[in-house]
Each structure stands twice: as structure tokens, then as C-alpha cells.
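Features reported for this protein in Swiss-Prot:
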- 26, 27, 28, 29, 30, 76, 153, 208, 323: substrate binding site (BINDING)
- 76: site 'Transition state stabilizer' (SITE)
């Protein structure tokens, strides 16, 4: 029975598979002409991600073009914020903008508990449609932002180079920040449960900005809330594989493994063999090709994929980039990544 399940789901569960499954973070996006054409027609990011017909169409674009082993919901980590009472927009070339940044306990106390089915029914609809369309040809992936990263956006009010505002809060008003982080942890766990109930078979949590923390501060402000999300989700959905990604994670890999996740998504600044040596054997790995390599030649992409898969041999491994694919990447190189990933065992031999 298990053989009929999607390759990525079987691999994520730790089953023996014929090759590492392959997908790409941000595989639906600006490097694809078909996406850019749709963006020109619908310039609002929130419309593209919150209109179920558009979100579904965009989610399917890379599947129809490249047949990756995973199809991820086209959305944003900030999508749940309005359901908690925090408005935002995403401005092309400027990134996320928070209308009223959270700076006081009064604002935190006024936040609503998240009811995803009520505030984001479009997410459930899209996930259900994706499952129905792709069947067992690919796994459907859901995702969320982790509490620290969501807090970084809503406290700073936008993307930041140095995170001075939230770090000031962390070190001057830690109780305020912990209250916010706890609210996000409970809400994000609810959101993930909703995604799984709607059709997501594997979920990934992005703590994009946790790499900006020292290891000690990671232990205080990021890891406990990552673990809380994982624990709450595992209580109700113990069999759904859970992936954690942090950009700039080389200094906290061992700490990430203690959060209860099943798979750690590595960025490209750590060698795959070194990461595997540092992580417990029961933890799977995802990654970790440098997205910048996709500006190179197909031969270079193939060689790096072969090296990465060879180094992860014997470990539960999902082939991916070490970050989202970059805007401006030649679309044919995206195709080369998938092609080389799917044929890797023909070149390096079996995984056994």
C-alpha cells in the first residue's frame, strides 16, 4: 500500500526509497515567465495568494512544468496575520509592510486567537484541490512561519537588516516578547493542523530570521516556541512529517534537532556531510544546493546535485535548494535542477 503513496511522503517518513525526492523552495515564483505574466495581470500579492483560483493555479505552475515530487501551497508566512488582527501588505521590491507594528502589551493582549477555517478558508480550499489534482504523483506541502520570524516582522514593521527593534524588545521587555511569541505558537499550531486536515501531507516551518540570533538567544526566543508548535501539532497529527528551515542555521543545527522535528532543511553554508555528522541519525535532512548555482551551467548544477546526494547517502534526504530559488534564475536551469535531481541515481548508483 505504501508504494502507492507519493515518493516525498514515503521519504519524509523514513521509508526506503528509490531516489531522494526533489522540490524547490519558492518553486512557484518570479523566475517562471508564466508566473510573471499572471503577476502583471494581478499585481497584488495578497490577491494572488488569497484568491483560491489564483493560488491554486500558481501552486500548479511548477508541477505542470517540471513535475517536482512536492507541490507546495502558494501563500506567504504572513497570511495568517489578519486572522489575528494584524493587517499587512506585500509591496513588490519592498517586501512585507505591517500597518501598525506591535510594540506594547496592550496590542498583544488585543490579538485574536487564530481560527483558520474562518479567516483563511481559501487555504483549505486550495490544499484540497491540490491533493485531488496531483493524487499520488506528488506530495502536497503546507507551511508556516515560526513564532520568532513572525514576531520579527510584526515588531519591526517590515524586513530589517539588523533587527534592532525586536532585539531591543527581547532584552528590555522580554515578558512582552514572550507573550507575543506564545500567542503566535498556539495560533501557528492551529494553522498547521488546519492545513493537514485540509490536505497537506508534509509541513514545513520557516524560521527565516532565527539565524540572526546568538545560540543562547536562539535557546530563549526561538527554539522553545518552535518546539511548542511541533509538540502541539504532533499531539493531533503524529504521523505528518515536520520540516524546520532556518536561514543561517550552521551555528544551531544541533539545537534545531532538539525541537522534535523530523527533518532539518539545511541552507547552503554548511556542507551536507558535515551536517549529517552533526545531526542525530533519526533526523532527516533537506537541501542544500546553493540557489546561486542555478545561475551557472546545467553541468555545474548536475555535479553539485550528485555531490549533495552522495554526501547524504544513508540518511533520510529530500533534495532541495538551501534557500528559495532566486528571481532572475534562468527558467531552463530550474528545469535542469529537477531533471538532474530525478536522474541522480543513474549517475551515482543506488542509495543502499
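Cβ from N, Cα, C; glycine included.
What Swiss-Prot annotates, mapped onto the structure for a quick look.
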residue	record	DSSP class
26	substrate binding site	coil
76	site 'Transition state stabilizer'	coil
153	substrate binding site	helix
323	substrate binding site	coil
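Of all Cβ atoms in the protein chains displayed, 25 besides its own lie within 10 Å of the Cβ of residue 28 (substrate binding site). Rounded to the nearest whole angstrom, the C-alpha distance between residue 76 (site 'Transition state stabilizer') and residue 26 (substrate binding site) is 10. Pairwise Cα distances among 26, 27, 28, 29, 30, 76, 153, 208, 323, the recorded substrate-binding residues, top out at 23 Å. Taking the binding-site residues 26, 30, 323 in turn and counting surrounding C-beta atoms within 10 angstroms, the largest count is reached at 323. When Cβ atoms from all protein chains are considered, those within 10 Å of residue 76 (site 'Transition state stabilizer') total 18, not counting its own. Counting Cβ atoms from all protein chains shown, residue 153 (substrate binding site) has 26 others lying within 10 Å of its own Cβ.
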